[in-house]
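Heads up: the structure comes next, in structure tokens.
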Amino acid sequence: MDNKRKLLKIITIGDRMVGKLSIIKNYMGRPFFQWGNSIPFDFHFKEIIIDNETVSLQLWNTHGSAYEDSKIYYRDVDCCVVCFNIHNEQSFNNLIYWIKELEANTLVDEKVPFVLIGTKSDIERTEKSISKERIEQWCKQIEDQGIVKEKIHYFETSAKLSTNIIEAYETIVKIALNQYKNKQKNSINISIEPEKPKGIFQIMIFMGVVFYF
């Protein structure tokens, strides 16, 4: 059993005021509040037990706009939470921008897994709200384009009523832990390379003998 404490980095992206900080605060066990704009980015720590091992979560949040140090925010991410307001058309249309932002700030050969979250489900849907059918179509389109490695997990949440917050983060953490383990495995495979055989000249020097040809 690996006794090393695992630290998972989970970032949250999406437009301003869609409720990103509220769902993080809810998951942290803090009461719902109508939060204003946060600083460019902040992070929170939480320890949980999953599969009989303690895991440390580092939950990062950004206020929803580009900034100079975005590379820091996206570095070494294990899972990304992409949020939109199910009653806000623009936040839904901007999802593709955030997906491209994620791709642009991570390694070329690395596809960071993400979970899609629709916020403010406590408010009744109207004709201007984003229908579940449109959301399913969007997910299928992203999957068909090969932007993600696996099927997209989608949750509709309410920080106000604590709806689906725990369920969403259970999935997020499992995905992040799997990504973490895969990265560790790949890192070990890269570092363990067969030693190249020494040339004749190197062997002779090691033996204290030098021949000139």
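Using N, Cα and C of the backbone, Cβ positions are placed for all residues, glycine too.
Positions annotated as GTP binding site by Swiss-Prot: 14-21, 61-65, 119-122. According to DSSP, Lys20 (GTP binding site) sits within a helical segment. The Cβ of Lys20 (GTP binding site) has 27 other Cβ atoms within 10 Å, all protein chains considered.
Annotated motif 'Effector region' per Swiss-Prot: 36-43, in sequence order, evidence recorded as similarity to another entry.
Look at Gly14 (GTP binding site): DSSP puts it in a strand.
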